[in-house]
Every structure is written in structure tokens, then in C-alpha cells.
């Protein structure tokens, strides 16, 4: 059997940022003609159930401080640096970050950042605004989430990856549909809580609400980790607007956009950056879109683990539960999942 007509024995379930990144890593190993991605949604779709396109998508201190989370961040930071330099068309660029806290920050994260994040600098206490007790500046990244997803999607199709739009009720359907499968990757995000054969009770939604506004003069990411709420301003590269947020509401499945929440976001973001709406406050906002999405959170952190498809001997690699860090930790997570799978994949 030639390389061109080998069976599609590598199955990835899910086409969010984690699933697509996993497929890209495998494709770079020359495995694209053997990859099938099964997903209810792909990057041209928009649904509250499909989280990845709604993300602010930047690199900040939101992620956890366990050893894996710190390592995944570092790996992904260097990956984004490479893409920003070599593939500007992917929708990733270097950007200034200013991050502030009204409470004690994660010192393990700060120590880790100080070893690799460019231009990292603690803001002097005298320069901190309001009730803030700590802040730092750094050079990190901005990602135009929908553009980046579409970039990966088109790249993978051109490389020979097959996409099948389908909603699975049980993970074993991957093997029933593709009996030649040598490995299955479970990159289903929030759906891991409901997918038969997985049904992870530790997975839960963290509701987010963001407002996309027109503000081409804004180039810096600014984040306030407040005592009562988190406020963030995240420009999207390639004239993609500016994401204003937000909310972190664990366990909340509400899909509705509430006008009072939009107003609250605009008030907080304009207070954090008065020049955002040219000093006019919420009344000066030029709204492009309002969005609600559900971050795929998990008690105990993300799951990157080798398992088997129930009732079979086919290896199953879980890679989900990144919550709001699917972009900034995603490449590291996907790389780990591929490393778990490689011994099960015949490369010749």
C-alpha cells in the first residue's frame, strides 16, 4: 500500500483550537493523508456551543500554575513567536501587554514568565492605578481567533486532512466508523462532559460574555484582575476589532446576551482605558458584535492522558479542559498528546 492510499487511521474528534492544533502537528510529521477530523462544528461555523471562535485569544497570566500549565504556556509562547515571525498571515502578532491586579497575583506564574517572556517588567507601585497592588508589562501575543482557526483549517485541507461534520453520541463511534483506526484523539472540550464513553463529571462551563468593538487605534492588551470582576481589552490582529470583556461565570449555561452585561463591560473597559472610546465612555462605543461562549473548564485542570476507546484496544488520547487557555496553552497540550500517541502510530 502506498503512502497516498493508506487508510485514515488517525482520528481526531473536535475541530476547536486544540483539535486543529493537534492535526497540524501530526500533519507536519507527514501524516495528513491518514488523518480524519470528526466534528459537529468547523471554523466556518458560529455557535455558542463552538467556543474557539469567540475567544479574545491572547497570552496573559490567566492560566494555572501547576507544572504542566507552566510548561504548556512556555512551549506555546515560543510557538507563537515562531508563527508571528514566519507566518504573519496566520493572524498572530507580537503585542504589548499591561496586566494589573487588585489582589495577590500567582507568584509561581510570574517567576516562570520572568525566565522567557520578552520585555517582562514589574510596574513600580507608585505607577499602579486605583486599588491595584501589583502589575507588570511584557511583550506577548494577540491572536485573531476566527482567522487563525480558518488558517489552520484551510492549511490542513490543502495538506490532505479529511474533515467530517458529524455529532457523535459515543466515542466508540469513531472506531465503528473507522475500523482501521490506530489512535483516537478526544479534543471535544466542553462536550467531554456529555460524550458517551467519556462523560467526565469534572468538566463544566465557565460562561463568558464579550463585546467586539471598532477601535483601530488600540494596539495594547490591557487586563485588570479585579476583586469582583476581570476586565480585559484585547485587540485582534488584521483589523479584527477589539474584544472587550468580560465575565467568568462557572457552571452557567445561559446562552442569552443581556444588555445590562454589555453596558457593564463597556463601563469597566472604558474606565480601564479611557482612550478606548475616545474619552466618551460607553456611549462612544461602536459595537460590531456581542458574543456569549462557554469556556471548557475542568476541576483539577486540563486532561492530557492516554486511555483506550471503551470496548476496544484502540488507544484514546484525551486532550481537553483548558478553560480559557486553549490558545495560550494549546500548542503545548497538543504536543503532549501527540507524544503520547506516537508509539501507537506507524510512521513508515
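Cβ from N, Cα, C; glycine included.
The feature FAD binding site is assigned by Swiss-Prot to 15, 18, 40, 52, 56, 58, 295, 323, 326, 327, 328. Taking all protein chains in view, 26 other C-beta atoms sit within 10 angstroms of the C-beta of residue 56 (FAD binding site).
Same-chain residues at least 6 positions away in sequence with a Cβ under 8 Å from that of residue 295 (FAD binding site) are, in sequence order, 51, 190, 205, 206, 207, 208, 248, 323, 324. The (R)-lactate binding site annotation in Swiss-Prot covers 232, 295.
Annotation source Swiss-Prot lists anthranilate binding site at 232, 295.
Annotation for the binding-site residues 15, 40, 326, 328: lowest Cβ count within 10 Å of the residue's own Cβ, 40.
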